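*Asks:* Sharing the feature lines straight out of TrEMBL:
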- 145: active site (ACT_SITE)
- 302: active site (ACT_SITE)
- 332: active site (ACT_SITE)
- 63-221: domain 'Alpha/beta hydrolase fold-3' (DOMAIN)
- 274-335: domain 'Alpha/beta hydrolase fold-3' (DOMAIN)
């Protein structure tokens, strides 16, 4: 893929996504009794999963789901996410709306965020909810990895929108990526070479999302962009102090990596590194206070473990009811791997725990 990109034959992410979707077509996932339809919500494609109507109820609960893939890969239409959303719809007897936001390199930040926000706001309109027989008081917004990033950012914006008459009851974030401020948190240090999502790959996803230059990757890796002399970052430092936000079992013996002098030009070139729409963990306390009841799933073998744990702690400090569901033996991305030939026990374990929390709280 990178050779193709180097030769300017295509963007490597386009090629990788093509390979993923080609392989995915080899799989077949039955929809059973769930009605699956494609629709467009305010210009954004979505896939809607509807369980059959039951005679003993009039309105259903609902989940707006935003898929992962580094803002660049996968699709609401792949069998892995089709399978997850179908099982959610069946298990919860809920209408699941899976958002097909546009990907890098077709678009860059903030377009993925805008797509997710537009689709969600459209669905939250009373007449649309009535069309799908959804209870306005029982709606969750959820997503995994980059989708968890978008779900958190959308949820923060919805809490500020005074024109909305319907807001999510819950948010459920699955190993979300929430910050690009510190690439040396304990989980980034511990899992820097962990398969599926090593640290350099996550940094490249951020660079791709912001349409930045790969030449900046090393400076980001050593936190030059948030050094003590980078004035733009100073006001955010207290919101991401992992020495006070993480439990000792996560901190272990790792030490913070804080440069005295850095490269302020990085923030000038990529200002989105400090944009809360891209990095929801940097939101102020007033915004966090307004968030709904929250579930955060984290995995020990994941560079993003501490992103989720810090967000859970900041929400808890702001007075939000939070469940941090940590899995010691699981890895990033595991929850969607429940279909042969990638049917892992870690995927079933995390998925069941996630759906159980939604069932008990939605």
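Each residue, glycine too, has its Cβ placed from N, Cα and C.
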*Asks:* Given residue 332 (active site) and residue 302 (active site), what distance in Å do their CA atoms have, once rounded to a whole number?
*Replies:* 5
*Asks:* Over the span of the domain 'Alpha/beta hydrolase fold-3' (63-221), how high is the average pLDDT in this prediction?
*Replies:* 96
